[in-house]
Structure formats: structure tokens, C-alpha cells
Amino acid sequence: MGNAMTREIKRAESPMGTTPGYMPGFGNDFETEALPGALPSGQNSPQKCNYGLYAEQLSGTAFTAPRGQNERTWCYRIRPSVKHTGRFEKIDMPYWQSAPNIDPELISLGQYRWDPVPHTDAPLTFVTGMRTMTTAGDVNTQTGMAAHVYLANASMEDEYFFSADGELLVVPQEGLLRFHTELGTIDLAPKEIAILPRGMVYRVEVVEGPARGFVCENYGQKFDLPNRGPIGANCLANPRDFLTPVAAFEDREVPSTVTIKWCGQFHQTRIGHSPLDVVAWHGNYAPVKYDLNTYSPVGAILFDHPDPSIFTVLTAPSGQEGTANIDFVLFRERWMVAENTFRPPWYHKNVMSELMGNIYGQYDAKPQGFVPGGVSLHNCMLPHGPDAPAFEGASNAELAPVKLENTMSFMFETRFPQHLTAFAAREAPLQDDYIDCWDGIEKKFDGTPGEK
Ligand SMILES: [Fe+2]
């Protein structure tokens, strides 16, 4: 920890002028340079690049992916990436697990809930502090996901990381993180999210700690904005609220390590400089952040409760139309106005597997027990729904317009069953009594008509 302030980080001015350091838009074709004239004009790979830079393409999709999905970025860097790895040695990262990870001793079938994973005194970085809760699918076939809780109290100094296994969707709950990536710097606070693309190198500084949050590691096709259908061209997450950093680079010649996650295994390589040496870039494969407060929820305005897919922020397709590898869904402050309606989420069994996390406040279906930093899991075809007090309260409430205040939870929902890790089953603060929350639900039926 410590010397981050003495680093020289050269950063471009924002071309938009309004939000220093970021460019607005989702999946845009951006261009940015930290030194004037570093970006070639009119071509990608000139015979010689300005400043003696090397041109390199980073392909986030197959070359032949359809135009609307095709993502790549051209980087103009101090050294090509082949100089940012040497020989690899395998290292242990016992708490960061990948699918398939099916322990025959563990029971993933059940409704589970955890208190926040507690901070530790041991120094943990964003990488070494990753604690996998569930895995789904198969990292080797690029299907499925893993859900993690991260604990971070130490900055990565001359330590860099990238994952070949998928993009990371980061959902902070406590603390401030700064992601120094190859393509620029992202500051991330609670109520924001960030996406770090597959293959992108970065280090993570803990600006204010200890930091805790949630990560969805997406092994499959990238997150995209959902189609809105009849909702039209606006609301939900709007593209202009996504921010991609302007170019920033480190010209730093010091012994450094790069850790690489590849097919579920971790490898380390040693180099003599910072790999964050991209002086200019253009393209559409880039890290991005988003303020969840800009999410515009759409919902019921007369009766009944739409499916929670109405709250989808981002969706990662699976190849089967309409069935996501992952949906990222947000339950935030909103008005409840439906008439003659049971307003909380209804009782439910789902082919999709639902992992939820609480960012702050109180979730309407579970007034108690699901606390900020906590996690719950309702796996494939496992019933769930309001607990007894929530059911009784919502069944008897006077249905005036009510604003749900002080609430922000999310869901990572996947088509693949989620398997508990040994950490989630044995070390994390599992609530043994979660299933008892439905104990108080009464049989009201007695064969006679009328409301009970
Ligand atoms: Fe559900």
C-alpha cells in the first residue's frame, strides 16, 4: 500500500468536457489519446506509430461476430502485450473457484441466505480477497457464471491482473475502489457498477477501505442492454449513463507481477514494468461504469406485478433466444401504486437460478434478515417468496400509493443451476434458520368461500 500517489499517471482530458475522465455511451466506438497525436488517423496500423508506440488489437469477440456484437479495440502502447508476460508459474487462489465446481458433500438444493462476509485483518487485494459463493455452467465451454463476494483492504502495487475466463461485473457495497485499467481509470463507489472486459489488464487501488461488494463473473457472451420491446426507446438503463474512461497510462519501469486467471487456474508471470502502457486507443471493447441511481424503473400502474425481468439492467445472452446466461436485475426505490394487488414479489418457482445481494436498505419481500452485504440464493425450481410478516402486511395494507424508500438490491439470474462452494457452505456466515422465515404462513383454506 502507499505509493500510489507518487505514480505518474497520464490521462487524457474528456472530449465531452462535462464528466472529467469519462466518455458517455454504451458500446460506442470511442477514441481517446493521453498524448496529442498518439492516435493514428485514418488507419489502424501505420508502418510506424507516433512516439514509437506499438499498435495492437484486442479482440473481445470473434473476428466474424455480427456487426452489432463485434467488439475490438486498437491500442497504441509503449510495449506490445507479448512483453507483459514471461513464463508462467501456477499459483494458488483457493477462494476464487470456477465452474464446474460440484462438491458431492455439499447440498446446493435449498433456499440459502448469508449475512455479510466479514472483513479480516489480513491484507487482501481485490484479487486475493475474492470469495466465490456459487458457480454455474462451465468455464471451459464459456457458459455460465460465478458469483463472488470480494473483500479488499489493500491496494495492488506493481501487481496486475487479468482474466481470460470472462468479464467481471462489479457491484460495490462498501468502500471506494479505483480500477487502473489498460484503457483508463474508473473510480467506483457503492450504487455504481463496473464491467471489466475479458482480457483487460488492471490493478485495483483501495481508495477508501475496507471495501466489500459482489462480482458476477460472466463466462459467456458479453453483457448487453436488454431490448425494451413495447417500452420503446427510453427508460430502464439508458446508454448515455454508461461511462468509459479516457486513455491513461503508466510509464513505470519497476519489477511487477501479472496474475492471469485462465480456465479456472491462476498463473503468475514477472515483468520489469507496468503493463498499463496504452497511450491512445480507439474501439468499442472497453471497461465501463454505470450509476444505478440513473436506472429508470418501469412497473405496474393499475394492477398486478410484472415479472422481475422488467427491472433488467443488463443481460448476457446464452444462445437460446430470450433465455439469458445471466440477467443483472435491480430492485431500487420506486413507487407502488397498483390497485387490488399483492404488491411484493409473488411466490415463485423458476427454471432460472436467482442469487440476490443487498446493496443498502430493506428489501420489500424480506423485511428482516436480508441485510446490506448479505446474499440469498433461490436455485433452479426452488420455491421462494415473501415471508409471513411480509405476506400478512401486504395482504392487509391499505393500497394507497407508497414509495419504497431506502432500498437497493440486485439479482444475478442465470439459466444454469448454481452450486455452492465449500466457502459458501462452511465458512461464510450462512443463516441456518433462513428456511424458517416461511414457518408462520398459515393455512387459511377451510372450504368456505370468501376472503380469509
Ligand atoms: Fe424468483
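Cβ from N, Cα, C; glycine included.
Bear in mind that TrEMBL entries carry predicted annotations, made automatically and left uncurated.
Per TrEMBL, the listed range annotated as region 'Disordered' is 1-43 (candidates: 1-43, 44-86).
Neighbour density around each Cβ, counted as other Cβ atoms within 10 Å, peaks among the recorded positions His305, His384 at His384. Geometry remark: His384 (homogentisate binding site) versus His305 (active site, proton acceptor), CA distance 16 Å.
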